[in-house]
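Visitor: Just dropping this structure here.
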């Protein structure tokens with residue numbers, strides 16, 4: 001018996017062109033590139049999500065910054081308003097305090113004003129009495145040109161020239177002494193009042209005491225000034241608009257009589 005013959009044949013399958021291109025393309029790209037391509041879509045979504053989140057975060061931060069700034073401004077305005085109200089309150093307190101001080105000062109000044117009014121009434125009364133004596137004088141050629149008061153003293157200008165002794169007698173006739181100048185201020189005041197002429201005052205040289213003496217033999221705050229003037233012994237002092245000067249007592253000048261009030265009215 002003979003063995004059966006075995007016939008071998010080769011089967012070749014022809015791939016389609018599309019499938020061949022796909023296979024060849026995958027073979028060319030390799031496995032890494034294919035995986036990257038598969039993952040590229042989720043990565044883009046992540047980036048976009050992060051971008052949107054960052055934008056929203058920036059917007060939120062900006063809104064918060066604006067709110068914080070507005071809160072800070074509002075807080076500052078409230079603080080300034082409170083300070084202004086506090087300052088106004090302090091000013092009102094100061095005004096009330098000053099008003100109270102003014103009221104107290106007005107109360108304190110009331111006795112002084114009453115004293116001044118009483119003093120003026122006393123001066124006017126004294127002048128009225130003295131003026132009556134002067135007006136009733138029978139002497140001719142003698143009169144008062146003007147008079148005025150300074151402090152508690154009144155002055156009378158006798159516009160009739162006479163010697164120092166004659167002026168002394170004229171003033172005494174009206175119950176007035178020759179004027180005694182109490183201090184520097186009174187001297188300046190009298191010099192401001194006098195016209196361009198010379199007037200006897202109540203200062204002369206006392207030959208017995210060998211010193212200058214006022215008509216009442218009392219002291220004066222003007223003594224220091226008169227000592228510095230180095231008046232010559234033996235004379236009398238006259239007053240002009242610019243100076244005090246010693247001269248012969250027999251010279252003829254106008255007279256200034258003066259008298260203090262007896263007391264401050266109580």
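A Cβ is built for glycine as well, from the same backbone N, Cα and C atoms used for every other residue.
So Swiss-Prot says this about it:
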| type | residues | note |
| --- | --- | --- |
| TOPO_DOM | 1-44 | topological domain 'Cytoplasmic' |
| TRANSMEM | 45-66 | transmembrane segment |
| TOPO_DOM | 67-266 | topological domain 'Extracellular' |
| CARBOHYD | 87 | N-linked glycosylation site |
| CARBOHYD | 104 | N-linked glycosylation site |
| DOMAIN | 143-261 | domain 'C-type lectin' |
| DISULFID | 149-154 | disulfide bond |
| DISULFID | 167-255 | disulfide bond |
| DISULFID | 171-257 | disulfide bond |
| DISULFID | 236-249 | disulfide bond |
| CARBOHYD | 250 | N-linked glycosylation site |
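What's the neighbourhood like for these features in this structure?
Guide: The list of residues near the transmembrane segment (45-66) in space but at least 6 beyond its ends in sequence, with Cβ under 8 angstroms from a Cβ of it, is empty.
Residue environment of residue 87 (N-linked glycosylation site) contains 10 other Cβ atoms, counted within 10 Å of its Cβ in all protein chains.
For residue 104 (N-linked glycosylation site), no same-chain residue that is 6 or more apart in sequence has a Cβ closer than 8 Å to its Cβ.
Using a 10 Å radius centred on the Cβ of residue 149 (disulfide bond) and all shown protein chains, the other Cβ atoms total 17.
For the recorded site, residue 167 (disulfide bond), the DSSP three-state label reads helix. Contacts of residue 167 (disulfide bond) defined by a Cβ separation under 8 A and a same-chain sequence distance of 6+ are given as 158, 178, 200, 253, 254, 255, in order along the sequence.
Look at residue 257 (disulfide bond): DSSP puts it in a strand.
The number of other CB atoms found within 10 A of the CB of residue 249 (disulfide bond), across every protein chain shown, is 19.
Listed in sequence order, 163, 164 are the same-chain residues six or more apart from residue 250 (N-linked glycosylation site) with CB atoms under 8 A from its CB.
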Visitor: What's the number of neighbouring CB atoms sitting within 10 A of the CB on residue 255 (disulfide bond)?
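Guide: Total other Cβ atoms inside 10 Å, all chains included: 28.
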Visitor: In DSSP terms, helix, strand or coil for residue 154 (disulfide bond)?
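Guide: Its secondary structure by DSSP: strand.
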Visitor: Please report how many Å separate the Cα atom of residue 236 (disulfide bond) from that of residue 257 (disulfide bond), as a whole number.
Guide: 15
Visitor: Mean pLDDT for the topological domain 'Extracellular' (67-266), as a whole number?
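Guide: Summing pLDDT over the topological domain 'Extracellular' (67-266) and dividing by its length gives 78.
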